[in-house]
Amino acid sequence: MREDRPMTDSPIPTPGALPQPCVSAASPAVPPVETGVTLSRPLSVDASRTVTFLGEDLRVYATYALIRDLEYACRDLLVGHLPAGWDSVGTQVNLDHKAASPLGARVRLGVTLARVEGARVTFAVQAHDEVGLIAEGSHERFMAPVDSFARRLQARARPAAPPPPSPKPAQGLGAVF
């Protein structure tokens, strides 16, 4: 069935819709940040950055560790351009992990501040090892005063609820099949 009105009431955000940053009308103005600034960071793939489930002979740079390293590089680049009392939080990662880098490989991360839309900043990210490109994508962050983040977090904090009761164990073979 065709609807003649736009789907503005949809709980699914429309493409290009911006999530709300942690900055309120009472917050200071978002500081100006220039696009095009870059950061290059070398690292070695040590044991803490590798997966172990493939066995000792196949320890490779884990995607989750690569994402963490790229996120920190983006944050470190951005925080150097923000006034005191401001920081940023990651809100989105889009990464194509194209090739495996073994334990001991030397990797160079490259991040570029590609777009600024109010408090929302988007970085182009890449990672190369000695052989070539291992990953590329984008990372999005929101800038805000740290005290604004603290207020939002405190508003979401709740006392820990007791865990739900465990389900009763299955009885007999009929419960298994």
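The backbone N, Cα and C atoms fix where each Cβ goes, and this holds for glycine too.
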Review point. Looking at the ranges 82-105, 154-177, which is given as region 'Disordered' in TrEMBL?
Key: 154-177
Revision key, fill the gap. Reduced to three DSSP states, the domain 'Fluoroacetyl-CoA-specific thioesterase-like' (45-144) has 23 helix, 50 strand, 27 coil
